[in-house]
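Shown next, in structure tokens, is the structure this report addresses.
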Amino acid sequence: MANYFNTLNLRQQLAQLGKCRFMQRAEFADGCDVLKGKKVVIVGCGAQGLNQGLNMRDSGLDISYTLRKAAITEKRASWQKATDNGFAVGTYEELIPTADLVLNLTPDKQHSDVVKTVMPLMKQGAALGYSHGFNVVEEGQQIRADITVVMVAPKCPGTEVREEYKRGFGVPTLLAVHPENDPKGVGMAIAKAWASATGGDRAGVLESSFVAEVKSDLMGEQTILCGMLQAGSLLCYDKLVAEGTDPAYAGKLIQFGWETITEALKQGGISLMMDRLSNPAKLRAFELSEQLRTLMRPLFEKHMDDIIAGEFSRGMMADWAEDDAKLFGWREETGKSAFENALAFAGKIAEQEYFDNGVVMVAMVKAGVELAFETMVASGIYEESAYYESLHELPLIANTVARKRLYEMNVVISDTAEYGNYLFANAAVPLLREHFMPTLKAGDLGASKAEGQNVDNLALLAANEATRNHPIEKIGQVLRGYMKDMKRIAVGG
């Protein structure tokens with residue numbers, strides 16, 4: 001199979017990268033009626049599969065799960081989760097021929113085999129759904145001409161999809177129809193109904209394309225969402241311990257610091273996050289972030305270039321063919337890191353202390369969010385998509401670090417995200433260790449006090465204006481208006 005994006009001409013590539021429209025609430029007035037009375041069969045019962053299915057059933061849809069015969073006979077975890085929640089479970093041969101809509105919610109690595117298996121069993125004119133378009137865009141999966149292909153991609157982990165639905169809300173969502181597979185012109189109606197059934201229409205839905213979703217999703221998760229958190233955690237922990245900080249305190253400051261800092265980011269963007277610092281610390285964080293932006297821009301651009309060209313996907317799929325040898329090796333290295341093995345700190349760290357003692361962490365977040373956003377937009381991705389794939393998702397990923405450090409983050413994210421995370425972090429750590437971490441001063445990280453507390457009013461004014469006038473802050477104000485009811489997600493430190 002050929003990479004679908006690379007088969008398009010430049011005009012088609014730009015058109016699909018730039019497909020982005022914020023849908024009006026009125027467009028979802030019919031809710032999920034289009035799918036009521038239809039049979040929806042979900043392949044896979046992981047975090048997205050289970051939680052989307054629970055929401056869709058609660059919305060009045062007929063939901064069942066299909067699993068491989070071995071998973072059923074051996075009563076594996078996927079079978080256990082589906083049956084424990086009262087869903088009908090059957091083999092591909094039993095359920096796929098009855099389905100009006102088949103949702104492929106398995107891991108990316110399994111998509112090709114799943115589609116090749118279920119496609120011959122699907123009835124004429126049925127629909128196939130994805131929550132991530134890697135199989136279509138990067139693997140170039142060819143799908144039978146009579147099948148409608150749609151995507152609904154919640155911009156949150158599956159657990160949050162469920163929790164927000166239960167409290168009467170939802171999570172921001174992207175939807176798309178594959179232009180090569182909409183034979184009856186019903187793809188948009190199906191995608192809208194699916195998004196509504198999961199609760200996505202209550203928080204805001206972007207009409208996108210498979211291409212835009214995949215390219216922006218890969219970029220966000222590799223850089224700011226996962227790669228920057230991994231690199232920053234390893235570097236900051238090592239720096240603190242090398243300078244005499246109690247390793248247990250250092251571990252807690254980093255583990256819960258990302259979550260606390262990005263909670264402010266979620267509520268009020270980069271501006272609010274920076275406002276949590278004292279004026280001298282804010283100026284220092286701004287200075288450090290500018291230094292990071294200059295140093296790291298080539299790395300961000302390389303990742304975007306490799307994603308656009310398909311080089312990233314080729315490398316990862318080659319590792320699939322080697323039974324994930326690189327992925328498992330990098331995972332093992334992370335598990336042996338000093339940060340991952342730091343003892344728990346019994347004391348309490350006040351919320352403001354995370355900001356006061358984590359000035360460089362604030363700078364890393366600011367620089368990483370802005371760079372990811374700018375790099376995506378420069379590649380033809382619209383600002384709304386770039387916002388969701390950078391700033392919006394960061395607090396959710398930081399929350400996983402707070403639970404069980406980097407191990408939990410890498411377990412929760414997809415195999416695709418984990419592979420890209422390691423690629424980025426493996427380049428970022430030596431770069432920053434050599435050229436950035438030695439430039440830190442007293443007060444940038446940890447409890448040491450900064451020298452001098454004088455503030456230049458004009459410098460502070462310029463820093464505030466530069467932060468607040470960044471394009472991600474402007475689009476963020478609009479999009480956060482649709483999410484103002486989202487609950488705090490912090491697990492606490």
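Each Cβ is built from the backbone N, Cα and C atoms, and glycine gets one as well.
The domain 'KARI N-terminal Rossmann' annotation in Swiss-Prot covers 15-208 and rests on sequence analysis.
Residues or ranges marked as NADP(+) binding site by Swiss-Prot: Cys45, Gly46, Ala47, Gln48, Arg68, Arg76, Ser78, Asp108, Lys109, Gln110, Gly158. The Cβ of Cys45 (NADP(+) binding site) has Gly53, Tyr65, Leu67, Ser78, Trp79, Lys81, Ala82 as same-chain neighbours under 8 Å, each 6 or more residues away in sequence.
Counting every protein chain shown, the Cβ of His132 (active site) has 24 other Cβ atoms within 10 Å. Positions annotated as active site by Swiss-Prot, on the basis of sequence analysis: His132.
If you look up Swiss-Prot, you'll see 209-344 marked as domain 'KARI C-terminal knotted 1'.
For Glu221 (Mg(2+) 1 binding site), the same-chain residues that are 6 or more apart in sequence and have a Cβ closer than 8 Å to its Cβ are Gly227, Glu389, Ile413, Ser414, Thr416, Ala417, Gly420, Asn421. The Mg(2+) 1 binding site annotation in Swiss-Prot covers Asp217, Glu221, and the record cites sequence analysis as its basis.
Annotation source Swiss-Prot lists Mg(2+) 2 binding site at Asp217, Glu389, Glu393. Of all Cβ atoms in the protein chains displayed, 23 besides its own lie within 10 Å of the Cβ of Glu393 (Mg(2+) 2 binding site).
Residues or ranges marked as domain 'KARI C-terminal knotted 2' in Swiss-Prot (evidence: sequence analysis): 345-486. When averaged over the domain 'KARI C-terminal knotted 2' (345-486), pLDDT in the model lands at 93.
According to Swiss-Prot, the substrate binding site annotation covers Ser414, on the basis of sequence analysis. Mapped onto three states, the DSSP output places Ser414 (substrate binding site) in coil.
Taking H, G and I as helix, E and B as strand and the rest as coil, DSSP gives the domain 'KARI C-terminal knotted 1' (209-344) the counts 114 helix, 0 strand, 22 coil. Cβ neighbours of Gly158 (NADP(+) binding site) (same chain, under 8 Å, six or more residues apart in sequence): Gly46, Ala47, Gln48, Gly49, Leu50, Asn51, Gln52. If you take the Cα of Asp217 (Mg(2+) 1 binding site) and the Cα of Glu393 (Mg(2+) 2 binding site), they are about 10 angstrom apart, rounded to a whole number. In the three-state DSSP scheme, Gly158 (NADP(+) binding site) falls into the helix class. Glu393 (Mg(2+) 2 binding site) sits 15 Å from His132 (active site), counting Cα to Cα.
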